[in-house]
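Q: Structure below; questions to follow.
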Amino acid sequence: MLNGSLRLPSRHFFQSRFTSTLSLSHHRNQIDSHQFSYYVNPLDSFDIFLQQCTSHQQLKQIHTQIILTGTNQSGFLSARLISIYTRFGFLDHARKAFESIPIDCKSNLLLWNSILRANLSHGYPEETLKLYFQMQNQGVSPDGFTFPLVIRACSSMGNSELCKTVHSHVVVLGFQFHLHVGNELIGLYGKIGYMDYAMKVFDKMPQRSYISWNSMISGFAQNFDCDGAVKMFGWMESEGLEPNLVTWTSYLSAHKRCGRHEEVMGLFREMRVRKNGATAEAVSVVLSACADLDAFQMGKVIHGYVINGGFQDYMVVKNSLICVYGGHGNTKEARMLFSEIAIKNLVSWNAFISSFANAGLCDEAHEALLRLENSDTKMRPNVISYSAVIGGFSSKGRGNECLEVFRKMLHLRVCPNSITIISVLSLCAELVALGLGREIHGYSIRSLMDKNISVGNGLVNMYTKCGSLKEGRSVFDRMGAKDLISWNSMIEGYGKHGYGDDAVITFDEMVKSRLKPDHVTFVAVLFACSHAGLVTEGRRLFDQMISEFMLPPLMEHYSCMVDLLGRAGLLQEASELVKEMPFEPNECVWGALLNSCRMYKNTEVAEDTASQIFSLQSEITGSYMLLSNLYAACGRWEDSAKVRLSAKTKGLKKIPGQSWIEVKKKVYMFSAGNHGQLCLEEVYGLLEDWRLPMEAEGYIPDKSFVLQDVGEEEKKQILNGHSEKLAIVFGHANIPINFPLRVVKNLRVCGDCHNWTKIFSKLTKREVIVRDGRRFHHFKDGLCSCKDYW
């Protein structure tokens, strides 16, 4: 007797005629007796036993007897055995059963289809495809049941070339008109973004089912093509087919993905009227639209429908409700909904984490991520989990925490997707974390994500904003396809670095490529002309924007032109342009003119300009500081103090100067005048060590940039505490001499710091790259790339 009270016939039993009764029992479950009074076919008997098997233990015993009787060479019986192992979740046993069959006995197509299905259902698409090609090499031809499995495996992998190869096999073997194969091909091409291929398959199908139509609409939804989904939906109705609930769900999803959230609400109402109901997935789509719209009240109304309609126990609905309440900041309700889910899946956790991140509660989102990491379940955070926390920290400007989470994600071998890569590249650009940016570039090359145009644009933006214009141009030149964002990023990069001529050349190249510039393009190229003193080119481009490209100038374009003329000393012409504007100028336009007045110490125009700014009741402190700075530079301390007092009376506070630098993959931040921080004592000591060598080299503190009416020594101390100086000496002490120092400052660099950095670069014989609030300064050998024109 074998374990589990399972009595199986011996090998001798199948070699004689007899009358016998076989019984199977396990855990008190009796299986009907089968009495044989004839010669028993062992294959039929084992097939019956396999179909009636109720436990893994019984299955192992049957498998043992199959091997002992030599019937394991039967393709049909082995296929049944593999299917039962798969049903019980034992893929390893299914694989061993398949591998134990001699090669010359593996000609049964049912056997191959069973092992293909086993691997695919357990999430092994690569192994599924390997077996498919192995099957063909052994001369076994696939059928209409094989191809749907293989096509789904291709879909999971997302390899377009592999998809086309399998499709060619379908055509060669004549299965292109098979309904189920066609439906799978449509789903495949929709998933990998080849909707033109999906349309060709759909057009050639001799017959179509609801799955065919729904797969097309779903494909358009996945590819953010709402118009395509609308046309397909209308075509379906014109053919006399009434869209079913699945159709409506995909249709809603298409509108939601394309940002047509308000239309989603109307369509949901129409769906409920026409179909007298909805699906849980459709309810989830509508709730997600409410979350994106921040339509909290509508979300609560839908929540009521969820309860009345009996959808409250659907996990997909609860996950969306968590996003609605959490995204609105109602984390108490989000926590309660989350706690009500008995068996949470990863989508539930991600919704919970995202709800905090979207509400700006970064620490709570991070805490939820840690809970998931340390949970007793086998679930572990995926790329969506980490991306939510990264996005939350990034939106709050908490760069170091953001990068720590990203590094942890890589350490745990969670592969970032293109969205994560783009987010972190943007953060690297803001923090000038060039080292990490280069690592991400390397990863994107290895994972082939650098071919993604959005990733390419992110790399160009990262390199140019990190001060490495050469690397940014290299990425730009290697991009196979370029869109408007690609060109705009490159033009902006040249402009920010002071290379106006290159910006104009790049603009002309873009126009020659027959890509039409937009308003953003002209802001970038006019800015470049402004900071390079290219007055003639700037005028030409401004006129070209209006006459050739029919783009009416916006406030930003006038601001650039006023800045261009003002920097060139053409203050009168700049003032006239402001008066000729077709709309009232804002603080930015007046601020550009005021800054030019500061450069040329023209207090007359400055006072008139400042009065215009103050009449706007502006809350921008920069204009007050510019005028105060101008008065101070002219020695009019009383007027300077009045302007500052006016700003203080209005409750306006000067934005504190901050600078940061990346050292050994960590970003360090410094604030102006933070003498009280213990960690800065060493940095101030380093700065003091450079005082005498700098003065010997010719540095004289420019006290006109100290706005306070204080003593001369105190003015020196104030200048000595400017944040960029602290960042530069700290970087010099910790970064090898053959690497340039890359510093970011949130405000414009002052004239004293500009002169100090020029002398420092000459004295130390190293390059210093500073990105201030407006542009880049490349300091080398005592000179600056801006040519003192900033």
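Every residue gets a Cβ built from N, Cα and C, even glycine.
For reference, TrEMBL lists these features for the protein:
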{"type": "DOMAIN", "residues": "698-790", "note": "domain 'DYW'"}
{"type": "REPEAT", "residues": "108-142", "note": "repeat 'PPR'"}
{"type": "REPEAT", "residues": "209-243", "note": "repeat 'PPR'"}
{"type": "REPEAT", "residues": "244-274", "note": "repeat 'PPR'"}
{"type": "REPEAT", "residues": "345-379", "note": "repeat 'PPR'"}
{"type": "REPEAT", "residues": "382-416", "note": "repeat 'PPR'"}
{"type": "REPEAT", "residues": "483-517", "note": "repeat 'PPR'"}
{"type": "REPEAT", "residues": "518-552", "note": "repeat 'PPR'"}
Q: Give me the DSSP three-state residue breakdown of the repeat 'PPR' (382-416), ordered helix, strand, coil.
A: 26 helix, 0 strand, 9 coil
Q: Do any residues of this chain, six or more beyond the ends of the repeat 'PPR' (345-379), have a C-beta under 8 angstroms from a C-beta of it, and if so which?
A: 291, 315-316, 318-320, 322-323, 325-329, 331, 334, 338, 385-386, 388-389, 391-393, 395-396, 398, 401, 405
Q: As a quick check of your reading of DSSP, tell me how many residues in the repeat 'PPR' (345-379) are helical, how many are strand and how many are coil.
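A: Secondary-structure breakdown of the repeat 'PPR' (345-379): 25 helix, 0 strand, 10 coil.
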